[in-house]
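So the structure is just underneath, and the comments pick up after that.
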Amino acid sequence: MDHLPIFCQLRDRDCLIVGGGDVAERKARLLLDAGARLTVNALAFIPQFTAWADAGMLTLVEGPFDESLLDTCWLAIAATDDDALNQRVSEAAESRRIFCNVVDAPKAASFIMPSIIDRSPLMVAVSSGGTSPVLARLLREKLESLLPLHLGQVAKYAGQLRGRVKQQFATMGERRRFWEKLFVNDRLAQSLANNDQKAITETTEQLINEPLDHRGEVVLVGAGPGDAGLLTLKGLQQIQQADVVVYDRLVSDDIMNLVRRDADRVFVGKRAGYHCVPQEEINQILLREAQKGKRVVRLKGGDPFIFGRGGEELETLCNADIPFSVVPGITAASGCSAYSGIPLTHRDYAQSVRLITGHLKTGGELDWENLAAEKQTLVFYMGLNQASTIQQKLIEHGMPGEMPVAIVENGTAVTQRVIDGTLTQLGELAQQMNSPSLIIIGRVVGLRDKLNWFSNH
């Protein structure tokens with residue numbers, strides 16, 4: 001280990017930055033956030049430093065560097081574009097046994113600045129020892145996405161509860177289980193964010209008085225249409241906390257690779273006309289695992305409430321008094337159209353969008369007359385096997401045969417395929433595509449040639 005990670009208490013302590021440009025400004029923000037009593041020395045300053053000085057937040061010393069500026073300092077930073085001056089600042093600091101950071105010159109510095117994830121009072125620092133700042137930044141960004149924004153408020157509140165929790169729970173194991181409940185409680189986090197004192201008190205009392213062998217819970221998470229980058233931040237957090245993940249075939253391998261490694265994985269994939277696991281059995285799997293006290297994530301492609309049977313699954317849980325919540329996902333209509341260069345609405349072509357299931361059943365006839373109207377976009381989910389029927393019905397009810405159509409296969413994935421044509425060709429086009437596919441019908445499809453950005457990447 002070349003560097004010892006430490007956290008410095010700098011509040012109301014003298015610190016010095018030598019440099020008045022953009023780099024120095026970024027360092028100054030960090031020291032000001034830490035409460036340091038900051039002096040900045042340079043020949044000239046960018047406007048932000050002047051604004052801070054006018055607000056009484058720091059002291060500016062305009063002119064050449066003088067070593068006496070270090071006399072009362074706890075910490076210094078050399079942030080100029082003059083290597084010789086930076087070296088001089090570093091040597092002067094070292095002679096006084098003051099830690100000094102030299103920007104972009106870790107070998108000349110006595111301390112280096114890590115990449116920081118600030119969820120105060122919770123802080124995470126990431127460093128490559130100065131060898132690869134870009135790698136440290138990328139790792140910080142990954143960790144940033146895993147840590148909820150409200151985590152700091154929860155940590156601060158937890159500090160206020162420590163005394164009571166120690167009195168309430170006799171053993172370390174009981175206290176640990178309580179803290180685990182508190183730190184994943186979304187209602188408490190939201191109440192803290194809103195400063196809702198009544199809800200904070202109610203939720204805290206419920207958590208403290210709730211038996212430790214409490215029921216599990218189920219979270220319905222929308223995984224989006226395929227591209228792992230479209231998974232929401234909250235969705236990622238949920239799959240990282242899950243004990244069990246119940247998923248279907250529309251969830252990509254890239255997203256499954258983000259699931260907590262020691263979580264149990266239950267595949268319940270389904271295809272049109274063929275169910276690997278009957279829906280009722282899926283409902284029972286969710287119920288059974290939650291009743292064991294586990295945190296269960298039901299991970300679905302797209303959005304769980306748009307042709308995802310999410311409502312059916314939640315009704316089962318509700319009837320059994322199992323706690324549940326829902327994390328929406330980007331639905332296939334939105335993702336596939338965007339990655340195909342097809343805007344679902346457009347002032348000139350479509351003032352509304354209809355999302356329609358392609359599972360056409362006897363006795364469940366659609367309102368084809370309204371679907372055939374102009375100035376709208378139709379999006380058929382799971383409609384590949386019914387493409388010829390869709391074509392026939394729309395034409396019969398007055399939609400022009402030259403109406404533009406597109407079929408998107410594996411939308412948003414690197415294997416995405418898009419084929420377009422007219423309504424009279426829809427049945428023929430469908431024979432060239434495989435599931436999962438989405439059918440888009442409307443004048444907006446005609447914009448694809450101009451707006452298609454994804455295939456060009």
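Quick reminder: no glycine exception, Cβ is built from N, Cα and C everywhere.
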According to Swiss-Prot, which candidate in GLY269, GLY411, GLY421 joins PRO225, GLY301, GLY302, ASP303, ILE306, THR331, ALA332, MET382 at the S-adenosyl-L-methionine site: GLY411
Cβ packing number for ALA44 (NAD(+) binding site), 10 Å threshold: 8
For ALA332 (S-adenosyl-L-methionine binding site): DSSP state (helix, strand, coil): helix
Candidates VAL23, LEU43, ILE306, ALA332: member of the binding-site residues with the richest Cβ shell (10 Å): ALA332
All-chain count of other Cβ atoms within 10 Å of ASP248 (active site, proton acceptor): 20
Pairwise C-alpha maximum, in angstrom, for the residues (PRO225, GLY301, GLY302, ASP303, ILE306, THR331, ALA332, MET382, GLY411) that bind S-adenosyl-L-methionine according to the record: 16
Collapsed DSSP category at ASP22 (NAD(+) binding site): helix
Residues near GLY411 (S-adenosyl-L-methionine binding site) in space but at least six apart in sequence (CB under 8 A): PRO225, GLY226, ALA332, GLY335, CYS336, TYR339, SER340, PRO436, LEU438
Shell of the S-adenosyl-L-methionine site beyond PRO225, GLY301, GLY302, ASP303, ILE306, THR331, ALA332, MET382, GLY411, same chain only (C-beta within 8 angstroms of their C-beta centre): GLY224, LEU250, PHE307, GLY308, GLY329, ILE330, ALA333, GLY335, CYS336, TYR381, LEU438
